[in-house]
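Enquirer: First the structure, which I've put down as structure tokens, then a few questions once you've had a look.
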Amino acid sequence: MPLIDQTFIRLAVALGIGLLIGIERERKNATEETRAAAGVRTFTLTSLAGAVSLLVGGEATFIAFGVLVGLLIAVGYRRTREHDPGMTSEIAQVAVFLLGGMSMREPQIAAALAVTIAILLASRTKLHHLIHNTLTDQEIRDGLLLAAAALIVLPLTPEEAVDPWGVIKPRQLWALAVTVMAINGVGYVAVRVLGPKLGLALAGLFSGFVSSTATIGAMGARAKEQPQLRRGAIAGAAASSVATIIQLAIVIGLVSLPLLRHLALPLIAGGLMAILYAALFTWRSAKDSGEPHGPAGRPFNPKTALIFVAVIGAALVASAVLTEWLGQRGLLLASALAGLGDAHASAISAASLAANEQVGLEMAAIAVLVGVTTNAASKTVVAFSLGDKRYGFELAPGIVLTVGAAWAALFAQRFLA
């Protein structure tokens, strides 16, 4: 038998929910000229009423008490509406009753929702300032557009392939489009918060863990739209390659530790080169004068996301056609074709073959770098497609040096062993 009965734990959660939100409302009411109808005691009793009614009488009693609580809240609002026409406290009290009942079934979710509600209530002034004084109309519209693309359009797109080769899958491609828009939005927010000197570099690093290719495309679009941010955008694009190297090490290590040890020096060399190139352009961006603290324009351009998806789709179809014409002539050809879309896919394939001892470590390592090389070529195409020529020409040496350093380390390791 457990030391503490689960019923008491859930009642304690209901008590905590009422106290948490009640304390926040009590403190808010203390700053008002008139006393509100509900304070910490009322909210605590409301939460416990929801929990006990569901515990003792089930759903029917819970509904009956809910109606009673609603009537009492309505009476209280009628008494205070002349001095406080808002209904935040009343709605919060209804939510507390529901969360009290929910704590008897799903206490963890109820507690999490209570904390979220308390944060929202306590952040009233900051939220109003953010909406009215910080966010622009364009930013709000783009945020709603991104939410619609991710929450409405994405679930409705079909998962099945729609082309003869089975590579064009609308949901996957639309997910890439959403990723591009989200990454561009992250970069926009980072620039607003940290300024263009550091914001884009950090945004590029973290966004690179989602998709380095998408990050390079998004940074290119930012540089094209705002040329004064070009160096910061290049720093972010180069930093995304650091994330690619880290992810490669993780996925290879999960599949084949011997292959990871064999590729340790090439991955370190490529990662260091990417870090140096990103640091160079971060430093150059910091030296620039006259850059605005916050970005102008809009968080993202949907046209940029669609162009990126079109480029990736074309690369996938080209890979499928080449495979159909030439067949799978060995691991290197397969890695090269897979790398056009995703370097990690070719790395996992090669690592799996190495783990099963179907190929040697040296051949598997070469296959991984072949995939990285063709993926770098895809990134270069994306850079020139979505950014301007100057962005492409200044970023391309960093991509080449990163891949070149990895290859040089592999060959040096091979000949010095």
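The backbone N, Cα and C atoms fix where each Cβ goes, glycine too.
Here's the feature list from TrEMBL:
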TRANSMEM  6-23  transmembrane segment
DOMAIN    11-129  domain 'MgtC/SapB/SrpB/YhiD N-terminal'
TRANSMEM  60-77  transmembrane segment
TRANSMEM  173-194  transmembrane segment
DOMAIN    178-387  domain 'DUF4010'
TRANSMEM  200-221  transmembrane segment
TRANSMEM  233-257  transmembrane segment
TRANSMEM  263-283  transmembrane segment
TRANSMEM  304-322  transmembrane segment
TRANSMEM  395-416  transmembrane segment
Enquirer: Are there 3 or more C-beta pairs under 8 Å linking the transmembrane segment (6-23) with the transmembrane segment (200-221), counting only pairs at least 6 apart in sequence?
Expert: no
Enquirer: Check the domain 'DUF4010' (178-387) for me and report the mean pLDDT.
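Expert: Mean pLDDT across the domain 'DUF4010' (178-387) comes out at 78.
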Enquirer: May I ask for the residues of the chain that lie six or more residues beyond the transmembrane segment (263-283) and have a Cβ under 8 Å from a Cβ within it?
Expert: 197-198, 201, 204-205, 231-232, 234-236, 238-239, 241-242, 245-246, 248-249, 252, 365, 368-369, 372, 394, 397-398, 401-410, 412-413
